[in-house]
Every structure is written in structure tokens, then in C-alpha cells.
Amino acid sequence: MKLFMVLVASFAFAVALPSKKREETAAENELTGDLQEAAQPMIYAVAFPEIRASCVIGWKQQGATCQRDCECCGVAATCITGDSSTGFCGYHQTPNALGQGILYTADTIKNGFSAIFCAG
């Protein structure tokens, strides 16, 4: 009789256990869906950053004509002249990542000194 009670109890426990697991799985799926919905705006913010106007009124945007570096909007933006006296606002580019970092740093320092001379 005790063996029968042990078998019945273990069978009842085995039947009840998977249903609890299904409930837990459903709750986990719901939480996962909520997490994905909450993460979607963050993914969008990383993929499409907000463009903020950080330039002083009167500074020229990339591609506009210029004569001096201090006229261009951007920390490392320079007036690329080429052969003529008037140029356009832009950034020096190189396919090498290290070279690009060096150009960016050099242009930033040059723009710092250029801003001092343009203010006067």
C-alpha cells in the first residue's frame, strides 16, 4: 500500500511539474518581449543619432565656400582650398584609421589656434 501511495504521489508530481514549467516559459517569453520592446528605442538612438546644431550662427556648414578655417562649423572642420584662394568647408579624409586620427587631432589643434587669430 505504501508503494502504491509513493507511485501515485510521484505520478501526480510528474504531471504537475511540466505545467508549471510551461507557465514559467510563458512568463519568460513575455518578459523577453517586454525587454525587446524596451530596447528598441535605444537601438534606434544608436543607429540614428540625433543631429544637434552645435555651431555658432554665421559659421558655415560642410560643403559651403570659405576662405579661413575659423569660418567652418566643427571641431576638426577645415577650409580646404586646393589651388584657389576660396575653398570649401570639410574634413581631411584618409582610408587609414591611424592616419585619420592623426589628421583629426592636427586639424583640431590648428582650429584652436585659428580661432584665436580669427577673433581679433
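Note: Cβ is positioned from N, Cα and C throughout, glycine not excepted.
Take the candidates Cys70, Cys72, Cys73; Swiss-Prot pairs Cys118 in a disulfide bond with Cys70. Candidates considered were Cys66, Cys73. The record in Swiss-Prot pairs Cys79 in a disulfide bond with Cys66.
For Cys89, the partner cysteine in a disulfide bond according to Swiss-Prot, taken from Cys55, Cys72, is Cys72.
Around the Cβ of Cys72 (disulfide bond), a 10 Å sphere holds 27 further Cβ atoms from the protein chains shown. Ranking the disulfide-bonded residues Cys70, Cys73, Cys89 by Cα distance from Cys79 (disulfide bond) puts Cys89 first. A separation of roughly 12 Å, to the nearest angstrom, links the Cα atoms of Cys72 (disulfide bond) and Cys118 (disulfide bond). Between the disulfide-bonded residues Cys79, Cys118, the minimum number of other C-beta atoms within 10 Å of a residue's C-beta occurs at Cys118.
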